[in-house]
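Engineer: Sharing the feature lines straight out of TrEMBL:
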type: COILED; residues: B:334-375; note: coiled coil
type: DOMAIN; residues: B:435-628; note: domain 'Histidine kinase'
type: REPEAT; residues: B:99-132; note: repeat 'TPR'
type: REPEAT; residues: B:179-212; note: repeat 'TPR'
type: REPEAT; residues: B:219-252; note: repeat 'TPR'
type: TRANSMEM; residues: B:377-396; note: transmembrane segment
Amino acid sequence: MILLSILYSLVLILVMVAIWIYMQTRIFQKTVVKQNEILQENLAFNLKKYENNTQKYTFLESYNKELLKKLFGITQDLLIVKKAILEDAINGFL
Amino acid sequence: MNYFICIVLVLFSATISWGQNRAQVYNDSALDIYKTDSKKAIVILEQGLMIAEKEGSKKEKGRILNSLGIVYRDLGEFEKSKELSLESLKNTNDSLIVASAYNNLGVVNRNLGFYEEAVSFLIKALSIYDAKGMMRESAVTNNNIGIVYSFNDVYDKAVEYHLKAKGEFEKLNDKKGASEAYNNIAIVYANNGDLKKALEYFKYSLKLESELKDKKGVAESLNNIGGVYYYLEEVDSSLVYFEKSAELEKEIGNYSGVGSSYNNIAQVLIEKKRAVKAKPYIDSAFVYAQTYKVVEDIQAALQNYSDYYQANNLPQKALEYYKRLTNFKDSIQNLDVKNKIAELEIEYQTEKKEKEILKQRADLAEKERDISEKNSFILGLVGLATVISLLGFLVYNQQKLKNRQLKKESELKEALIKIETQNRLQDQRLRISRDLHDNIGAQLTFIISSLDNLKYGFKLPDNLTAKLETISQFTTATIYELRDTIWAMNKTEISFEDLQSRISNFIEKANSSSDAITFNFRVDQDVDSNKLFTSVQGMNIYRIIQESVNNALKYAKASIINVQFLSKNHQFEMTITDNGIGFNPDEVLGGNGLLNIKKRTHELDAELEIISSENKGTTIRVFKILNT
């Protein structure tokens with residue numbers, strides 16, 4: 001009888017432990033899901049930023065080429081004007 | 001999970017209560033048979049007591065001890081009965097068992113002549129039954145108290161308690177109990193010498209027995225009433241009741257009862273000098289008594305014969321029957337002894353066999369108990385194994401989940417670190433680009449300033465002045481373009497408000513050199529006004545609007561320019577309309593402005609539609625702009 005009582009008490013205690021482990025797992029699952037959500041949000045934000053930056057970078061690459069062309073054109077024109085002024089000055093001097 | 005826990009708990013409690021139930025079964029079956037076979041009942045109760053002691057159940061031990069007390073009381077062993085009930089009280093606090101023990105002690109003490117103790121115990125039992133609302137038990141106890149008072153010649157109290165019992169039986173609609181209570185009251189009055197009252201209550205009892213159609217009860221009541229009439233010396237009435245009683249006994253086939261009633265009738269007739277009529281009753285009574293071997297009735301009949309012949313002046317006959325009576329009494333005594341020996345022998349043998357049977361039963365019960373215990377143990381082990389497996393599964397599951405989550409988390413973190421590094425790198429590149437633009441902006445401003453100084457400071461030929469003006473304008477346009485680009489690149493996102501204010505500024509500057517222009521910027525209600533474009537998207541949209549407005553001002557000479565944003569099927573649409581002179585699209589398609597608009601539209605992944613005809617204004621529609 002005593003042995004039976006001990007056996008059934010043991011079963012009862014183990015059942016309690018099983019319930020406790022089950023509850024712990026559930027709590028862990030919830031916490032982890034929340035953490036993952038935060039990480040996912042962070043990642044999504046950074047991906048969007050990366051995409052924007054890439055767009056900007058591509059845009060600037062082409063724009064910079066265009067800008068350099070323009071600067072080259074301005075420089076060229078300025079050199080031509082300089083040359084004309086110098087020629088004019090030399091002709092006047094001669 | 002909950003269901004499993006419930007099963008385990010039920011099994012656990014069922015195992016604990018098993019021992020108690022078995023002892024109670026022994027107790028109940030013994031009480032069922034003790035009236036008919038008290039010795040067997042004792043053996044069963046002793047087995048039950050052993051089980052209760054083995055299981056350590058004090059409650060069941062107390063119950064069985066009290067039941068043994070009741071059985072011994074029934075056997076007339078009052079001292080033993082008293083001891084057992086007192087022992088029972090030491091073992092249990094269960095109120096019903098305690099009340100039963102008190103009741104038994106009350107009855108035993110009454111039989112032992114300890115009336116004060118008897119009343120004390122019975123009143124204790126009564127208070128428990130009353131508190132528990134157990135009316136039947138309360139009625140029986142009231143009856144017992146009444147009987148104790150009756151024994152002590154306290155007739156008032158006796159009647160009071162019997163009346164209480166009667167009332168309770170009536171409430172329970174227990175007519176048999178009420179009839180017994182009436183009978184008890186009648187006996188109290190008869191003992192007290194109040195024969196009329198006694199007669200009255202016997203008649204109540206008779207009425208109830210008649211209602212119950214209990215012929216045996218009716219016959220006994222009639223006999224009682226007949227007896228009272230006999231003592232009241234109302235011979236005729238007495239004879240009527242005795243005869244009715246005899247008739248009923250005959251009806252139910254109780255011929256020994258018939259013989260007894262006939263003997264009564266005969267006795268009354270002889271005593272009241274009507275001996276002539278007595279002879280047939282005595283004859284019948286004698287025949288019935290001999291047939292059914294009722295010793296008392298045989299003796300009564302022989303006595304009646306003797307009295308009858310004496311009353312009829314036949315002394316020899318009277319003496320003869322008197323001798324027969326004496327001889328019969330002697331033979332009965334011998335017969336009694338023989339019968340008793342034979343009975344004892346049978347009883348001994350029966351008891352021996354019963355003991356053997358009971359021993360076998362006890363062995364069987366013991367084996368059954370062992371098997372049951374083993375089954376419970378196996379069940380417990382199976383339960384334990386199941387729970388351990390469940391526990392293992394849960395732990396494994398938990399670890400698996402933890403590992404999976406850790407892996408997932410580390411993957412996410414790794415991806416995050418990579419992308420953050422990339423972002424930092426790009427941020428750096430963009431910053432360098434911004435610094436470069438700032439530097440170029442400053443250089444261009446310096447060029448413009450230098451050109452202005454050159455123009456106004458020196459006297460140059462006209463062709464050179466015109467050239468310098470062209471360079472200055474081109475440089476200014478380049479600075480504006482650069483500023484717009486810096487504006488767009490410095491923003492993370494561009495809203496409608498940003499676009500509107502930037503274009504308004506542009507129009508204001510352009511307007512200062514031409515006639516007043518009406519500019520309308522409208523965002524449709526369907527479009528989310530909080531919508532944000534990426535900086536590149538915003539830049540391209542701005543350039544398209546800028547180019548269109550520039551064309552409208554420069555070539556179309558428009559006075560009204562409308563910019564409208566719509567939303568269709570989750571995609572944006574932008575429409576720029578003016579009321580200018582318009583143009584023929586086939587002729588001017590190769591222009592720089594329109595090519596720029598096409599290029600920007602292509603970069604937006606959108607589609608372009610230009611509707612224009614001479615003097616009917618121009619509509620530039622950019623649609624299917626992706627909703628980012």
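Glycine residues also receive a Cβ, built from the backbone N, Cα and C atoms like all the rest.
Note that the structure is predicted; figures quoted are calculated from it, not measured.
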Engineer: Six or more residues beyond either end and a Cβ under 8 Å away: which residues meet both conditions relative to the repeat 'TPR' (B:99-132)?
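Structural biologist: Sequence-remote neighbours of the repeat 'TPR' (B:99-132) are 62, 66, 69-70, 73, 78-79, 81-82, 85-86, 88-89, 138, 140-142, 144-145, 147-149, 151-152.
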Engineer: In the predicted model, what is the mean pLDDT computed over the coiled coil (B:334-375)?
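Structural biologist: It averages 83.
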Engineer: Report the DSSP secondary-structure composition of the repeat 'TPR' (B:99-132) as helix, strand and coil residue counts.
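Structural biologist: Summed over the repeat 'TPR' (B:99-132), the classes give 32 helix, 0 strand, 2 coil.
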Engineer: Tally the residues of the repeat 'TPR' (B:179-212) by DSSP class, grouping H, G and I as helix, E and B as strand, and everything else as coil.
Structural biologist: 31 helix, 0 strand, 3 coil
